[in-house]
Structures are given as structure tokens and as C-alpha cells.
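*Asks:* This is the feature table in TrEMBL:
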TRANSMEM  B:20-42  transmembrane segment
TRANSMEM  B:54-75  transmembrane segment
TRANSMEM  B:87-107  transmembrane segment
TRANSMEM  B:149-167  transmembrane segment
TRANSMEM  B:173-190  transmembrane segment
TRANSMEM  B:197-217  transmembrane segment
TRANSMEM  B:282-302  transmembrane segment
TRANSMEM  B:314-335  transmembrane segment
TRANSMEM  B:347-370  transmembrane segment
Amino acid sequence: MPPRAYSLHDRSVSKPAMRIAPGRVSVVLGGLGFLFLLLLLRALYLQVAQQDFLQNQGDARFRRSMTLEATRGVIADRNGEPLAISTPVQTIWASPAGMPEVSETQLAQLARLLEVPAAEIRSRLADKKREFVYLKRQISPEQANAVMELGIPGVAKQQEFRRYYPAGEMLSHIVGFTGVDGKGQEGLELARDAMLSGKHGKRVVLRDRRGYIIDDLAAIEPPKDGQTMTLSIDRRIQYLAYRELKNAVEVNKAKAGGIVVLDGKTGEILALANYPSFNPNNRMRLDPEMRRNRAVIDMFEPGSTMKPFPVAMAIESGKVKPGTVMDTNTYKVGSGTVRDTHPKPVMTVTEVIQKSSNVGTSKMALMFPPEQMWTMYDAVGFGRNPRAGFPGEVGGRLRAWKNWRPFEQATMSFGYGVSVSLLQLARAYTVFTADGHLLPVSFSRVPAPPAGQQVITPDTAQKMRDMMTKVTEIGGTGVRAQVLGFNVGGKSGTARKLVDGRYAADKHIGLFVGFAPATRPRLIVAVMVDEPKGGSYYGGTVAGPAFSAVMGGGLRVLGIEPDAPANNTLIPVNQIPEIREET
Amino acid sequence: MIASSRERYQTVTVLDEALMWAVALLLSISLVMVYSASIAYAEADAATQSQSFYLVRHSIFMVVALAAGFVAFQIPSSFWQKYAGKFFLLALVLLVLVLIPGIGRVVNGSRRWINLFVVNLQPSEVMKLAAIIYVSDYTVRKAHKLHSFWQGFVPMFGVMVVVAGLLLLEPDFGALMVVMVISMAILFLAGINIRIFAGMAVAAVLAVASMIVLSPYRLKRVTGFMDPWDDPYGKGYQLSHSLIAFGRGEWFGVGLGASVEKLFYLPEAHTDFIMAVIAEEFGFVGICVVIGLYAWIVVRAFQIGMTAKKQERYYPSLVAQGVGIWLGIQTFFNIGVNMGMLPTKGLTLPLMSFGGSAMLMNTIALAVLLRVDYENRRVIRGYKA
């Protein structure tokens, strides 16, 4: 077929004066080539040179390290009764950044279910740049499920644990509490946090913009749950102790009070309470005064409850015997005068204890050089931290013997010029209950009775118990501390409080520390009533009844056989002359 | 020359196979990557409801575009030259129509789409091809006057001002840049007076600069790309995420489907920012392959153009090179935007991004290029073009 005319025509159209310069083609093609080269160089720069920076930026946006919460260990009493348990709760949060606008009805539903004002939810969702805001923390799973059923995009739930304290206010000082983050903040929750909290697990994940997990970036570290912590506390005795202490503080219109119950054979703390207290489950109005674990962290001058120690020292040395008669007239030591509330010219050593004579006690103390008395006090733990394992424990204050003046030594024998905590004081009494051994005290259950430190001989301890039993009998300062069916040994104390360096005439601490059954001691109870204003302020009067109730109840709870079953009537305390002591 | 027409048809290789393979490869990559980039987005979006929503649409666009390309391939280049003016006029009419509220649809503040019920037509895409067809024809028609300022340059300049004005009204700054580069490059190739060209280039730069300064929204886009880390959660959000995608890709990428950026972090992952997803999933190696394929298409377009030129078929020669310039410059613009070298423009990556109009016009342009090549081969063998 011959070429057609129009093909010639085609060529003629593009013929005239046209020229495409090869140089210009090279320029254009070269230009494009140059731009492509720029692209490759830029890609190389971004993907290789800048990769670390860019990947870090990326990680900041989509890499999340998630904590897999370990369940906090249970705190239980010595019989396995729970005192602190963690219950699963849900927290509702939202991601305003990836959220469509929430309608008014949805907002109202959310507000109703969360019990949060709608305006507050709206303001929390207002910042569209934020990717995490709490809407409400720690609500019940049922409540959380109801919220999730609303199906509002961007609202999510997350499991958390809430600590619950079944024993409430009666044990709050010992157990303490955790913060909203689950960390221990007070008490044993703080002291044993590492053991209780276990080890949180970790999961590093990639998340898409909506918060969904896409991938795990590292092996999941599973959480290790916290261990159960078994306390030495007996919940039943604790309850009793708290109830009676509260009663004692209220009846005596006192400022505060503390109580310690020890196992006299093992040194375990069976109960330890303070009043005022607080409810750890609801800490909305928490006064620092309520939070003080007074029995452990507050120091005070113990007054007459100190007297058994110098007397024990005198008995131990053989310089006196329980029946030794002493001149107990008021006398001068150095710059000061020592006198008794009810002066008597003559007393036996037993009567000195029973009637709490300052004169008799100080005379026995002054039979020894300061160093020896210091050694005795030191040996029963005064001035030393008892190390029961509670945060903020104090060791009290015992001055170095080198600069004791004689009058100071005399007053120290009846409990002035020396400071102790209630726990320390109760512990010191273990030398009488554990055949002369000072036992370590503990908040944890101990498997076997500890050896302790021999301070006095078993014989001296026996003699002291006999003498101290007289305190709760007719003619003693602690008749109100008697317990039906048991012989009770103890010592009352009434100390003036130091206010701005001077002993105040109207501020006292009433104390009673004792043990029972006196013949085979098992429990030590120490009661302290701070600033009683209900008329009487004598230790035997204000602290004695609480002591009696807790001791009696505690012995019953433990099933201790009465050592004086025949003694089945109580001495009617309001029909006998009250024996008081001023120290 | 004595053979029957059927035999003649068989003796000439119909298609440039190397070019075809490059295009086929890019389209295949496009299918996979549009699916990969859109899968999560499509599944999560209540309006699309299916993870393959964009894949299905993209496949349909591609089939339609290939059919259109097949038809376009049957059309001799002389036809395009003959109807260049009318085609250009049609594109202009569409550009006017899109500005009429009710016809033009506004998306993201720009009126760029004409709603054709089933699909949306983007007139600026039509204008890109029309510019190649028309400017090539203009330069061939006025070849002897191209040295003249008043007779060669000014008429073309007037037309371009109209086009620019219409595109700015949408606004579609990206398309304007592409059309201007195409037009100026063809004028340059066709031998326009170098001084006029230089003056025009300076004027264009000044015009662009002034538009940027005068229009706050464009200024914001310009400043945003300079330092996306200055405000990575605001103005620099999209770009910072695109750059992170590149950084995560390293040499070999995180693997197909493993991109994190496409999971709602990077907006427009399946359209304008698809290169970021490719960069993240296939790394620098993937970038090199894709850019290499585009480079190959551009080089082939120029080779085809040079062959046509040797045959003194100047119009097809300019059209072929024009297609190469279009694909080359738009590829540069798009990837440059993805990598933070240029301000965000809303330009798609040719043959790769999701989008019907762009895919259709790209394929037609490539069909025209292949047609020129086919005609070249026929002419070499002594047949009519």
C-alpha cells in the first residue's frame, strides 16, 4: 500500500523552523536527574543519618512502657485474719486527643455514672492535645462496666487495686496505709513496702493512635505479687485494747492515749493502739494528731513506772531484801529535797513499790554509782531504739552517766530526767516476765521465743513479781488494775509533763504497766493516758481500769488458766482509801 | 510496505516493553501500598466499613484508567495536535465549573472536585495533560515566532495567567506549580529565546514568592515545613510523622504491613503521604527502587521524544518529553513534600497514590507517550506514523 498523502501532510505540519536543541534537552533531563538525586540524598540523610533522632521521636509518640501491677501482699494478724487487703477496682480515663466530640447526652450519662459533675468532665476533655486524663479513679468493676457500655469512643478503663483495711481505725497506726498509687505511706505499709508490693511487671508496647496495643517490643516481664505479711498482732486483743483505750481517754477527758500489749514470753506485740485514731479506708479529713503512732514515736518521762528497775538492781546486788525496812522520811539530796505524796517514816522495800515511795526508791538507787545505774537502765533498753521494725521508732533519752548529779540520779530512779516510749517501757518489763531476760519486741510473729538478754537473775525477777503483785492489792496504788481470778503485778505512774522546760502542775501522764498471771506471767500491758482532765489524774485511777479490762480480756482470749481462781471477788475500789502517787 | 495492514501491525512491536514493565511494576506496588496504608484506616472508619474499601476502589480506578489508556493508545498523536486547542478549552471549562458552588466540592478548604455521583473528577489533573498537549502544539505552531517576545511569549503568557488564576481560586497551588513547570519546560525545549525564558523564570519566582507572602494560609504551610519539630503537635504534625516514618524505615524497612505511622498517626497515608509508608515499610532500598522506576520512565519519555525529534516529528517529541516532565516534577514535588524538602501542597504521587482522577490522567498521559513510541517504531520501519 503506498503512503498516503496525509502522512506527508503530517510531516509538513511539524517541519517549519522547529528545532529542539539537544543542549536544552540535556538541561531539562539533567535538571530532573538532579532533583531525583536530591531526593535520594535526602532519603539517605533521613533514613540513615537521622534515624536515631527520628526513631526517638517516634518512640515518644507510640512506644509505651506499661506497668503490670503486682497484687500487694495481704497483711494478716497472727491468726491469719486479714488486716489489709487489695481489691481490684477500675479507673476510667480518656484520651481527648483522639476523641470525637462528646454529645450532651453522653456527657450527662457519664457524669451520672461517675458521680462527677458534667462541667468537670467537660473541662477535663477540653484539652485536645492531651492523650491521657483521669475521669474517675478507683470505682467498682460494676460501675466501670456500666460506663464502658455507654460505648463512648476514647473512654477506657484500667485495672487498679484499692487497699482495704477491715480493722479500720483500731489498727490504723500499725498497719498504716498506701497512697492512691499503691505505695506504702505510713506504718508497716511503708516499713515493709518492698516485701508487700512485690515486683511490678513490665510490658513495652507499640500503640496506635487510638491507644490499641499493636505489638510487644520486648519480652513481657510478669509481675511478682507481694508476700503475705503475718503480724504478731492478735486482732481480738487489738480490738479490746483499742476499745478500752478509747474509753479511758474519753472518760478521763484526756488529750490522747496509748496502749501496748506484749507477749511476756516472746516479746511479740499482740496489740498496740493509740487514740485519737483515724479510719484508713476514708482519709478525707486526716489530722496529723490522729496519725501519730504515739506508743512508738512519742517520748515521755515515765514517772513511777520506772521504780521497779532501781529496786530490782538493789535486790539483785543483795544490798536489800523485799522485807528490808527503810527510813522513808523526806530528805535532801544535794540541792533538792525528795518527798512522798503520803509521807511515812518507815517502809519495807515491798511497801516502797506498793505505795510508790520516791524516798525509798531514790535511797536504793543512791546505793549505786551512777555508772551502775546507767548500765541497768541501758540493759533494759532505755535510750536504745527497740528496733521493732516500725518507721520513726524512738529510743528515748538516757543521759550519759558521767555528768549525773546525785539529785538527778535520785529523780531518775522515779522516772524523771529520762524519756522513753510506751513500747520501750512495756518491753523493759519483759525482764520481770521472762525470768530476767530483756526480750526483743517484734511486729512480726516469731516462730520460737527468742533468747533475750539476761539482765537480772530469775530469782530477782521472781521477787520483783511478788512485790509488784502487792501494787494491785489493798494498800497498793493500782487496785483498779486487778483482774478477777488472776494475780496481777504492775506499777502505776503519774508524771508531770515538761512544758517549756518546767514541770507543769496541771498536765500529767497517767500510766499503768503490768503483767499477769503474776505467778506464770504471760501478758504485759502498758497503758498511757495523756493529760487526763476528768478529775483524777493518777495513773492507777486513769490507766488502771483500762489495764484491767485489756489484761482480763486478753488472758481470756488466749485461754490462760487463772492463777488465783479462789480470788473471785474484786476489791471494791470506791470503798477503800485511794493510794495515790505523784510521780 | 507491500504487506497487508494486519501483517504490518504485527511486524512493529506494539509497546515499549521496558517502559511498560516499569509502569506495571509501579502500579502493582501502588495496589499493595494503597492497601497497606489504608487497611487500618478503612476498617476503623464507620463510613467505609471494610478494610479493603480503598483497595477495591483503587483497583476499579486502575481498571478504568487502563481501559482509558488503551483507548488513548489507539488515538494517533496527530489527533491530539489537531484538537489541542479544544482539549485545552475543555480543561479550562472544567476549571471554571469546579469553582461554581454546587458543582465543585470543597474538601479541606479547597474546591477541587466535581462530583460525578460515582466518582469525583479533579479538573486540575485534566489541566496538567491539557497543558502538555496545548503548549506543545502552541510551540510547534509558533516555532518561527518563539524568539519574539510579543508574538511568541505574550500570547502563551496570557493563557497561563488565566490558568493560574483559576487554579489559585480553588486553590490548588500544587497543580499550578506542575502546570507552570510543564509549560515553561516545553517552551524552553522548543527553543524559546533564552532571555525571555530567563525573564519568565525570574517573574515566576517573584510571583510565587509574592503569592506565598500575601496568602497567610500558604505562608503557614511554608513555615511549617521548615521546622516541623518546632510545633510537632500542631502545624508540624503531619510532616513530623512523615519524617518519623522515613527514620523508622532505615535501610530495609520494617516490612510490608508493619508501618506504625499508617495506624492513624500519619494523615493522608494512602494518598499524598504514601511515600512515607513505603519508606517505613521498605526503607531506603524501597525508596531507591521506586525513585529508580520513576527515573526510568522519565528517561524513556525523553528517549522517545528524542527519537521522534530525529524523525522531525516535533509535536509528538514535545508531548513525550512533556509527559516525562510532568511525571518527573510531580514525583519530585510529592516525595520532596514527604521528606520535608518542600511545603505541603496536596500533590499526589503519580501512579502510586489513591485517587481516581490522577490515576486516569496519568495513565492516559502514559498511553499518549506509548503511542508516540509506537509511531516512532512505525516510522523507523518506513510506515506512516
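Start at 1 and count along the chain as shown; that gives each residue its number.
Heads up, the Cβ atoms here are built off N, Cα and C, so glycines get one too.
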*Asks:* Would you confirm whether the transmembrane segment (B:347-370) and the transmembrane segment (B:54-75) meet the contact rule of 3 or more C-beta pairs below 8 angstroms, pairs 6 or more apart in sequence?
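*Replies:* Counting Cβ pairs under 8 Å, at least 3, so yes.
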*Asks:* Please indicate, using numbers and ranges, the residues of the same chain that are 6 or more beyond the transmembrane segment (B:314-335) and have a C-beta under 8 Å from a C-beta there.
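*Replies:* Cβ under 8 Å, 6 or more out: 77-78, 80-81, 128-129, 131-133, 135-137, 139-140, 143, 174, 177-178, 181-182, 185-186, 189-190, 272, 275, 291, 294-295, 297-302, 304-308, 342, 345, 347-351, 353, 362, 365-366, 368-369, 372-373, 375-376, 385.
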*Asks:* Looking at the stretches B:20-42, B:87-107, B:149-167, B:173-190, B:282-302, which one shares the most CB pairs under 8 Å with the transmembrane segment (B:197-217)?
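*Replies:* Per the Cβ count, the answer is B:173-190.
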*Asks:* If I count Cβ-Cβ pairs under 8 A between the transmembrane segment (B:54-75) and each of B:20-42, B:87-107, B:173-190, which range comes out on top?
*Replies:* B:20-42
*Asks:* Which of B:87-107, B:149-167, B:173-190, B:282-302 has the most Cβ pairs closer than 8 Å to the transmembrane segment (B:20-42)?
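*Replies:* Of the candidates B:87-107, B:149-167, B:173-190, B:282-302, B:282-302 scores highest.
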